[in-house]
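Following: one structure in structure tokens, then a few remarks.
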């Protein structure tokens, strides 16, 4: 029926799986780009000093031109060209020959100031980006940075493999019967030719992997949504945002349960499928 668990979960799961796909796609690109040293550009202290010197020169030019504008306004005020309107024919001729020319010069200087301020903003952003890149380079030289660099390469290969296998499963309309952990242990045992209880250890490793996936994925979702809500929230929209966050978390949890079945052994996967219905 329409109100059955299978129908409701299937409709909620469509939105949740789409959300997970968007976040996973963003993370699959952003995480290696953030942690892998391959994507770091070479930044030296000389580059940062040169850019900071350009920024300071631009700020000095802005200050000097604003000072010229202020002096010109003060001079015009002292001459009475601001408040005293010229009268008569000769007054009109004088205003055309002096004040108009001065206003044109001031408008030209103001345009130059606006252009320099825009340039200073761009230089400031680029300087901040160079400092952040320099910090990333220093971080990549530490033990933790090298560890994340290795994980970046590992998960990049894993992501490409998952995309390839998902494409094959969609094209040929097939469902995997073996979870990745069991399959990987079987390949390793057969290749090395060692005695190993595949069934026993695959269960424990699969459940550990599922737990890690749940914790890290929900943590990543909360961090991403928190940044998004900080950007758009206000005192009037706080209740709506909390409600929306609860709805997204519910859909995300249901979708995690649906998708995590593929990371579990077959007998446990069957139990979850019986609870959720034939999804």
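Glycine is treated like the rest: Cβ placed from N, Cα and C.
Lifted from TrEMBL, the feature list:
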DOMAIN    4-69  domain 'Golgi pH regulator conserved'
TRANSMEM  12-31  transmembrane segment
DOMAIN    139-278  domain 'Abscisic acid G-protein coupled receptor-like'
TRANSMEM  150-172  transmembrane segment
TRANSMEM  205-228  transmembrane segment
TRANSMEM  240-260  transmembrane segment
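Across the domain 'Abscisic acid G-protein coupled receptor-like' (139-278), DSSP classifies residues as 117 helix, 0 strand, 23 coil. Taken as a whole, the domain 'Abscisic acid G-protein coupled receptor-like' (139-278) shows an average pLDDT of 77 in this prediction. Beyond the ends of the transmembrane segment (150-172), by six or more residues, the same chain brings 28, 31-32, 35-36 to within a C-beta distance below 8 angstroms of the stretch.
Within its own chain, the transmembrane segment (240-260) has Cβ neighbours under 8 Å at 9, 12-13, 15-17, 19-20, 210, 213-214, 217-218, 221, 225, 229, 232-233, 272, 276, 279, counting only residues six or more beyond its boundaries. Counting residues of the domain 'Golgi pH regulator conserved' (4-69) by DSSP class, helix then strand then coil, yields 59 helix, 0 strand, 7 coil.
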